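Novice: Straight from TrEMBL, here's the annotation block:
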- 83: active site, proton acceptor (ACT_SITE)
- 84, 87, 89, 91, 93, 105: Ca(2+) 1 binding site (BINDING)
- 210: heme b binding site (BINDING)
- 211, 264, 267, 272: Ca(2+) 2 binding site (BINDING)
- 42-348: domain 'Plant heme peroxidase family profile' (DOMAIN)
- 79: site 'Transition state stabilizer' (SITE)
């Protein structure tokens, strides 16, 4: 049974507010401008056929070792790819280290306490460079690695178009403003996805990657001391789960901020549709996830969450399509003055 998300009192007032916001949203969203992902840009499946034909096999083999060492590495690489693509396209800008004369994206607020995996990318890049020096971009390596990471924890396969170039720039500003945050509201998140050329269906499907990986206490503290008990309808099982979360994450903002727990507490190391069942129970760990099901603005997202909870095949099919679509968000400037970095951390000199 779906949790009750508003009282009868004030229903009409809230309904009118919902209608007004949807009208404004529908009017304003077309005003955003973005390039259609992949439009007129040279990504192909066989880009490395003659220059580095073993690239997919090499990445796959190394990713098998990496995920076997720690299944959490799968989620780490998917998240790294996501954060890269949402800032000036999938161009490897998120991988650049800061220097005295260069400000990167790693210290931006959505990244500094969230992203890991840079050493994993270095490891794969070093192997590729030994076989095909100066050929395969860091942006492509990250995109391929995210696909293989998904497969290795039970998720779907998709073909990865390649041919991206690495940017010589990064944007701290866009990293701060473009990437959805764990406490963000639904309308704002929809807008951020739309600005990247991604639909509501893409948003719900891509958020399904939270079926693996963990979140830090600082990113879910306000949720478990806020409306978690409301969305979960105060059932005994949810109360036990909430109590365990509060043990991990104290109420005080000065304590336990880096403590982690799985976003999917049922099958945390398996890529499946369990996260959507979690949202339907009102037990989503992150506010941004739970909003998709219990927000008063979530008429469309609630329907999609329910569909994916019922049909894992439908989720897998859309996740694959949405990952390709996101991976095709490209930095057109990098095709003019981009490069293939020798080290993913630094622009070539």
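Every residue, even glycine, has its Cβ placed from backbone N, Cα and C.
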Novice: Measuring Cα to Cα, tell me the gap between residue 210 (heme b binding site) and residue 264 (Ca(2+) 2 binding site) in whole angstrom.
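Specialist: Rounded to a whole number, the Cα-Cα distance is 7 Å.
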Novice: Distance check, please: Cα of residue 267 (Ca(2+) 2 binding site) against Cα of residue 79 (site 'Transition state stabilizer'), rounded to an integer number of angstrom.
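Specialist: With the alpha carbons as reference points, the distance is 18 Å.
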Novice: Tell me, roughly as an integer, the mean pLDDT over the domain 'Plant heme peroxidase family profile' (42-348).
Specialist: 96
Novice: Might you list, by sequence position, any residue in that chain lying six or more from residue 79 (site 'Transition state stabilizer') with a Cβ less than 8 Å away from its Cβ?
Specialist: 114, 115, 117, 209, 213
Novice: In the same chain, outside 84, 87, 89, 91, 93, 105, whose C-beta lies within 8 angstroms of the Cβ mean position for the Ca(2+) 1 site?
Specialist: 83, 85, 86, 88, 90, 92, 94, 167, 170, 171, 174, 175, 331
Novice: Looking at the binding-site residues 211, 264, 272, whose Cα is closest in space to that of residue 84 (Ca(2+) 1 binding site)?
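Specialist: If we rank 211, 264, 272 by Cα distance to residue 84 (Ca(2+) 1 binding site), first place goes to 211.
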Novice: Taking the centroid of the Cβ atoms of 211, 264, 267, 272 as the Ca(2+) 2 site, which other residues of that chain lie with their Cβ within 8 Å of it, listed in sequence order?
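Specialist: Close Cβ neighbours, site residues excluded: 212, 266, 268, 270, 271, 273, 274, 275.
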Novice: At 10 angstroms around each C-beta, which of the recorded positions 83, 210 has the fewest other C-beta atoms nearby?
Specialist: 83
